[in-house]
Amino acid sequence: MEVNKGGTKMKILFLLMAFIATTEGSCLEVEEEGAKMNILIVLLAFVATAEGCSCQRRMITREYFCNFDFVSRASVKWKSAVGSEQLGYILYGVKHLKVFWNRLSNVTLPRTIGTPAKESFCGVSLEERVYLLAGRIDTHGRATVTLCDIAKPWTKVKPRDRRMLKGLKCSKTD
């Protein structure tokens, strides 16, 4: 999934800063000169803590799919939160309906997929439905999917992408 949340937040921040800096006689105008700076500091702190996930845009090509450790059409069966709300993660139980690519071809894909609990840490939120999932497998054999990977409802996958997946041939060095 192509995401660039940071750019949007920064544009909003600059617009708010420009608005506050140029506003006179409005409800934002206060008697103390330092109050505008305090508002800016609060806004900066909010954006700084909200910022965290930024992904590079990519064209959907065979090479794009082959850069993942796995690509599958999978049905999400259950969801479980692990750890704290801030630093924890979500585990999804999945059934792989069709595996298009598995870099570790001698190993069956895990039936659980993890993602950070927070979207600001690139976590994805999945429903109990069928998805095109593409992500990573760590050295312990755990599968993960983030906003920078692919977690797209199967019904939203374009016909041309489905054809590309059907004939997907990757090598271990892709």
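Yeah, the Cβs are placed from backbone N, Cα and C, and that goes for glycine too.
The shown structure was predicted, so the numbers you read here are calculated from the model rather than taken from an experiment.
Looking at Cys27, Cys53, the record from TrEMBL puts Cys122 in a disulfide bond with Cys53. Matching TrEMBL disulfide entries to the candidates Cys27, Cys148 identifies the partner of Cys55 as Cys148. Looking just at the domain 'NTR' (53-170), the mean pLDDT is 94.
Its Cβ placed at the centre, Cys53 (disulfide bond) has 19 other Cβ atoms within 10 Å. In this structure, the C-alpha atom of Cys122 (disulfide bond) lies 7 angstrom from that of Cys148 (disulfide bond). With every protein chain in view, the residue among the disulfide-bonded residues Cys55, Cys122, Cys148 whose Cβ has the most Cβ partners within 10 Å turns out to be Cys122.
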